[in-house]
Amino acid sequence: MAGNKSYTIVEYFGGEDGYRCGYCKSQTGNFSRGMWSHTMTVQDYQDLIDRGWRRSGKYVYKPIMQKTCCPQYTIRCHALKFQPSKSHKKILKKMNRFISKGELQKGQEDCAGEPMDSVCEEAGPQELRKVHLKYTALTGIQKDATEFPSTTEVQKEAADATPTGSQTSQNDPVSVLAGTTTSAAPKPGNGADPSRPPCRKAKELRKERRLQKEQMRQNGDGVSSTVSPTQPTPSQNNQSKTLEEFISESLPENSAHCLEFKRFLCDSPLEAEYAPDGPEVGYGSFHQQYWLDGRIVAVGVIDILPTCVSSVYLYYHPDFNSLSLGSYSALRPPRTEGRGEEKRRIMREIAFTKQLQKQSPKLSYYYLGFYIHSCPKMRYKGQYRPSDLLCPETYVWVSIERCIPLLDNSRYARLNQDPDLGDARAVRDLGRALVLYRRTVMPYAAYSRKRKGSSDEMEVQQYASLVGQDCAERILLYRS
């Protein structure tokens with residue numbers, strides 16, 4: 001291979017047999033094509049994920065959308081336009097209070113905004129701990145750690161939990177042994193107790209408290225306390241905060257917890273690259289490390305690519321799977337992947353994407369991996385708006401609002417509804433696809449002439465159709 005040009009080198013494996021699906025638990029319903037990446041440029045991987053591919057370590061795979069049991073649609077969020085929703089803000093506030101004051105929600109883990117999780121595990125007791133968060137960029141050789149911007153410090157706010165009404169103790173040994181309770185059975189036919197106020201929805205109570213606070217504020221400012229119950233006057237303190245404002249809120253000097261980011265290099269198929277118009281940290285794979293009392297307890301992996309930050313995965317130390325979700329890293333087992341903490345991680349990575357965009361204007365998207373509409377547990381990724389899904393036939397982006405009705409009707413759908421639009425990067429000339437044969441780079445046409453009677457044309461054709469003409473002309477397909 002002449003010159004210093006970087007190449008992507010892959011071995012294509014195809015994939016005709018079905019295997020177990022981790023979403024619907026089908027034993028043979030998951031179908032995908034795959035290839036092993038020995039090395040890969042960030043531009044090639046950017047183009048591949050824009051055609052529905054995704055990496056797990058050095059293995060790069062693409063679901064067979066019309067055949068697999070749970071179709072997986074690539075999803076991206078417009079990071080610059082993202083505004084946290086009400087549930088997102090609640091999660092950030094809880095984190096703010098936890099970091100600054102060490103306060104934890106008692107009784108239950110955070111389930112706000114997670115309708116797919118019907119049961120919450122009880123939160124066990126937890127002492128105050130110092131938390132460190134480190135970024136680690138990786139390529140095989142570890143480099144000196146550098147400090148991340150101070151805006152990475154965050155705090156947590158725990159929701160107030162106040163029991164209402166009288167409760168009968170369920171731990172009375174006499175009552176338990178006798179199998180009876182001390183409360184008398186209600187008389188039939190009486191209905192609700194008329195002497196007690198009627199039950200009210202939590203939404204109404206919150207609205208009433210907001211109005212009361214507004215009246216108190218206006219009274220303090222010498223303004224009339226008459227406030228419309230349906231149209232409260234907005235106050236400066238109630239103006240919507242941006243994601244960055246939530247994350248960059250200053251910490252008091254005596255904060256109970258401390259967060260920090262650092263970068264390291266580690267093993268990845270992506271080659272580390274730097275460009276004059278790129279981000280200061282460069283392009284490649286990075287680790288987001290979570291440190292608790294000097295011990296690493298969780299690691300998230302992201303790829304920084306020419307136009308996006310791509311979230312890869314998050315894994316946890318098994319010794320910490322019993323910790324409450326009140327801590328910054330909810331260390332549940334990987335199979336449950338604590339959605340509350342997943343949301344916090346996603347919002348941090350969106351904020352990080354915005355920081356990088358200031359250095360590299362074209363880097364403006366955050367890729368969340370795959371959106372699986374047929375799996376309710378995976379629909380939470382669609383809550384980060386505005387976002388798009390990748391059409392599996394035309395490979396153009398379609399707003400998720402337009403996709404949801406189609407996916408409600410069918411697991412698989414052509415998301416772009418223009419019948420005249422096709423794949424702009426479909427294979428036009430297979431002979432121009434590059435292969436690596438006996439340490440020599442050559443077009444497939446020359447390779448097929450050298451290998452007279454070669455029977456791999458169908459396999460190469462399938463590979464080229466999946467990666468597209470442009471990638472096929474840049475990526476080296478290894479041939480033995």
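A Cβ is built for glycine as well, from the same backbone N, Cα and C atoms used for every other residue.
Nobody curates TrEMBL annotations by hand; they come from automatic prediction.
Given the structure is predicted, the values throughout are model-derived calculations rather than measurements.
Residues or ranges marked as domain 'N-end aminoacyl transferase N-terminal' by TrEMBL: 20-90. When DSSP labels each residue, the domain 'N-end aminoacyl transferase N-terminal' (20-90) comes out as 16 helix, 24 strand, 31 coil, counted as helix, strand and coil in that order.
According to TrEMBL, the region 'Disordered' annotation covers 146-240.
Per TrEMBL, compositional bias 'Polar residues' is recorded for 163-184.
As a summary of secondary structure, the compositional bias 'Basic and acidic residues' (201-216) carries 15 helix, 0 strand, 1 coil according to DSSP. TrEMBL lists 201-216 with the feature compositional bias 'Basic and acidic residues'.
The compositional bias 'Low complexity' annotation in TrEMBL covers 223-236.
On the 0 to 100 pLDDT scale, the domain 'N-end rule aminoacyl transferase C-terminal' (258-391) averages 77 in this prediction. Per TrEMBL, the feature domain 'N-end rule aminoacyl transferase C-terminal' maps to 258-391.
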